[in-house]
Amino acid sequence: MVSKFAASLSCIICNERWGGPTSPRPHYPSMPKYPKGQSPGDEAPEARAVFSVTGITCSACAGSVEKAVKRLLGIRQAAVDVLNHRALVHYYPNFVTEERIREAIEDAGFQATTIKDADTNDMSIQVCRIRIIGMTCTSCSSTIESALRALYGVQTAQVALATEEAEVYYDPNFVTYNQLIQTIEDTGFDAMLISLGEDISKIDIQIDGFKTDHSLKAIATSLQSLNGVQEIETYPELRKISISYKPELTGPRAFIEEIESSWSGHFKAMIYPEDQEGRDSHRKKEIKQYFKWFLWSLVFTIPVFLTSMVFMYIPWIKKVLDIKVINMLTIGELVRWELSTPVQFIIGRRFYVSSYKALRHGSPNMDVLIALGTNAAYFYSVYIMLRAANSKDFKGSDFFETSSMLISFILLGKYLEVLAKGKTSEAIAKLMKLAPEAAILLCLDEEGNVLSEQEIDSRLIQKNDVIKIIPGAKVASDGIVVWGQSHVNESMITGEARPVAKRKGDTVIGGTLNENGVFHIKATRVGSESALSQIVRLVESAQMAKAPVQKLADQISKYFVPLVLTLSLSTWLAWFLAGKFHSYPRSWIPSSMDSFELALQFGISVVVIACPCALGLATPTAVMVGTGVGASQGVLIKGGQALESAHKVNCIVFDKTGTLTVGKPVVVKTRILNSMRPLEFYELVAATEVNSEHPLAKAIVEYAKKMKEDEQSIIWPEAENFVSVTGHGVKAIVNNKEIIVGNKSFMVENDIAIPMEAEEALDEAEGMAQTGIIVSINRVVVGVVSISDPLKPGAREAISILKSMKIKSIMVTGDNWGTAKSIAKEVGIETVVAEAKPEMKAEKVKELQEKAFAHLALSALSFQGFASQNKMRLALIGVPTSSGHTVAMVGDGINDSPALVAADVGMAIGAGTDIAIEAADIVLMKSNLEDVITAIDLSRTTFSRIRLNYVWAMGYNLLGIPIAAGVLFPFTGFRLPPWIAGAAMAASSVSVVCCSLLLKNYRRPKKLDDLEIRGITIEQ
């Protein structure tokens, strides 16, 4: 009872002191983790327990629980989440039990129950994206990153200055997105949630007609009963319901029908209008805001400028302005003071607010420099006014025009900077606009005949809907053609200029354009699962990711502002002392000021000319534009790391099937070595291969289907004990027969003798650049299937261009040696690795990265740990000795994934498997090898632009600061007034962003335009 009262009392104190339950709380040190003289040992088990704690209302409560738990022996770590009323404890079960921890929490005055793992598994690491308003330089983004990463439960946090967004991975058991937003706001910036999780299958419904919150809750309850609905959130003030659901079970159309039909038509429902606070609208609002501030500043600044620098040369106006009001105080000084004050404190208020917040957190930014510079000019001018008003012989010059013109020029620079930064993200905006607004939904009977058609909002499309696509219309969603044929322009997604023929069974991508025919598609991926949405997310993530070179700017930003302030103070002091002790001629001082004012102007100029923004924007703006340009050309680059690595690539490892070749192999010859009938032979082989995803397996199954075309429905015998050995083959039991299908090494591994007849068939196939597949039944070779996979159009030319770019090409394949060498010779690749398993491909990539290769003749080598029975051979021909390479791997299959991850840059062919695409750093949407060249050339161009940005940003500061400090003044008499220094500072950021924007004019190498790409058609 006493402990409960103490906890309640601490709640009151905490709430009075901190203003709420989400405030920061103390972390209490643990007691010794185990009794003195004992230790759990290096291999002692460690346990984890999660408790639901009832009664926690504030950070003091959380502190009480944490303190009580940590006092127990055997506790390694304990943390309490106030908002979710949970406690996480890591402990050594040798010394303390879960029950004892629960009792300790209850002894502290709270109710505790254990949450089993099953209840917490679904609450693993989540990701949220947050828009941040008010960042000006890398110092701001670094401060926010540090604050977020300091939160317990945050795994990683990334803040992008250019996109003004944060991406945070966190454990929702211990920290909520509200706490993340609060943390950002506590650091002095405004924050707004953009998305939570991956936002997969989540939709907002607007509901009209309800009068009370109870009605909305009743609607939510009825929707919760629908199969497939996972979570519902209500927002009465917005008349909105957010629904998370499983797209394979339900969809938005079902939700609207349920709302409108279940309540006798009292309520109307529709898809919630697009977020008006989205990135684009926020950017437009920010642009308008800066423009408005700039115009207002001009209203006051222009008269100040005229009265101080123009009217003084017009006698009759000068005479009016020089009229004394009080002692030596003139009308001109009063007018300038009255006009500059609103600019300084109303229009310039944002600089004060930002400076205060930055200084409060010990991270001074550009706004601190602006505030100090303008305040120095303004308050010195006020001092001059006061002295003039109290003296009958004092003569001094005010700097009101300096402060007001500084703020005006900086606002102009900010306006131009925001305007330019908005253009860097145009690629995402264009991608998002590709989705059509409406779609034609077909209602079919059981036999597939069209009963009716209805035009609906494209966001209402659900999985398995049949959609009609008419000529000139955009494809409404990803799907499969179920009727009709046409040509579809996919250039907006893949960059492929030629229309692609589509017929029954072909896949289509949402957002592409139907050219001529009419066809029906069955929706397979809708909403945020669609290819278009995934591309948008990929590009957004790429623009969030920092390039390693960005670390330079981040390091400089930590010391930039303090260093500039030190330089400014030193400049003022040096010039002031030099004037005080007459170290320079009196003629150097302008007639309108004294030595103190001259020194002050030099000091102010140093403060306002320094620009950390240009450094902070040098990399992210170039990465944003570069990734956007890549996306428009069908090259999806996953962030700055991939860009930076790709520009260094000097060696590319190619997979063969689906990469150098078309990837749609066809059976060209079958050699049966016994008296089996071809139909019986292929029935057994197809029954085994139908379980495999390998392109060669699919070719065999397709060939077998043609042999059974007369059958209405093709059913293969059941395959038992199916085993797939990636890169070698498959085996299974079919009709009580052991079927083994694979390459030569796979047969040797299974101790199956290969007869001379089969060897001859293999040699013949290899000599014609075909792949020979051996078939064994009951451990006896019964046949050889020859499969051909034609080269991709332009493959040879692409390899030739890579050679001219001084990039080595190597082919690594799981295929046999004969086929591999024939294909390599055809495309012009000299270095070949054949019969390689997936792990060997990865090992080859690592070897290329780590050490040099000597010039070797064709020889037999072995990799330790691989192919213990059959030693793997490598052909390394004509590779000169050199240091380790920067390696790119280009592949398309599951077996390429380890190598894609191991390579410095993994490039996945867009038509490849999802696993390969996930593992890659760059995705080539068109599946053309010429895009490998485009990706490398684009990365080189982008990185050269980043270097140019850094040269400009660093050079500007290194040259501008000394000039502002008056280094040239003794020799040339040239002095940089503060307002010109401010204009130069504003121009530096704008120039860096504009330099990055020039990347939008990127064109792929002319050599690629000269290639004549011939289409290849494979008859299925």
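Please read every residue number as a count from 1 along the shown chain.
Placement of Cβ uses the backbone N, Cα and C atoms for every residue, glycine included.
Look at TrEMBL and you will find 47-113 (among others) tagged as domain 'HMA'.
According to TrEMBL, the domain 'HMA' annotation covers 126-192 (among others).
Marked as domain 'HMA' by TrEMBL: 201-267 (among others). Remark: secondary structure over the domain 'HMA' (201-267) totals 26 helix, 20 strand, 21 coil, with classes taken from DSSP.
According to TrEMBL, the feature region 'Disordered' maps to 24-44.
If you look up TrEMBL, you'll see 293-314 (among others) marked as transmembrane segment. Within its own chain, the transmembrane segment (293-314) is flanked in space by residues 321, 332, 335-336, 339-340, 342-343, 347, 350, 398, 400-401, 404-405, 407-408, 411-412, 415, which lie at least six positions past its ends and keep a Cβ under 8 Å from the stretch.
Taking Cβ pairs closer than 8 Å, the transmembrane segment (368-386) reaches residues 329, 333-334, 336-337, 340, 344, 348, 351-352, 355, 358-359, 396-400, 402-403, 406-407, 410, 561, 564-565, 568, 597, 600, 603-604, 607-608, 610, 978, 982 in its own chain, all 6 or more past its ends. What TrEMBL records for 368-386 (among others) is transmembrane segment.
Positions annotated as transmembrane segment by TrEMBL: 559-578 (among others).
Taken from TrEMBL, the feature transmembrane segment applies to 598-618 (among others).
As annotated by TrEMBL, transmembrane segment applies to 950-973 (among others).
Within its own chain, the transmembrane segment (979-999) has Cβ neighbours under 8 Å at 370, 373, 401-402, 405-406, 409-410, 412-414, 416-417, 420-421, 423-424, 604-606, 608-611, 613-614, 617-618, 621-622, 624-626, 629, 941-942, 945, 948-949, 952-953, 956, 960, 964, counting only residues six or more beyond its boundaries. Look at TrEMBL and you will find 979-999 (among others) tagged as transmembrane segment.
Secondary structure of the domain 'HMA' (126-192), assigned with DSSP and counted as helix (H, G, I), strand (E, B) and coil, comes to 22 helix, 24 strand, 21 coil. Note on the domain 'HMA' (47-113): DSSP counts are 22 helix, 24 strand, 21 coil.
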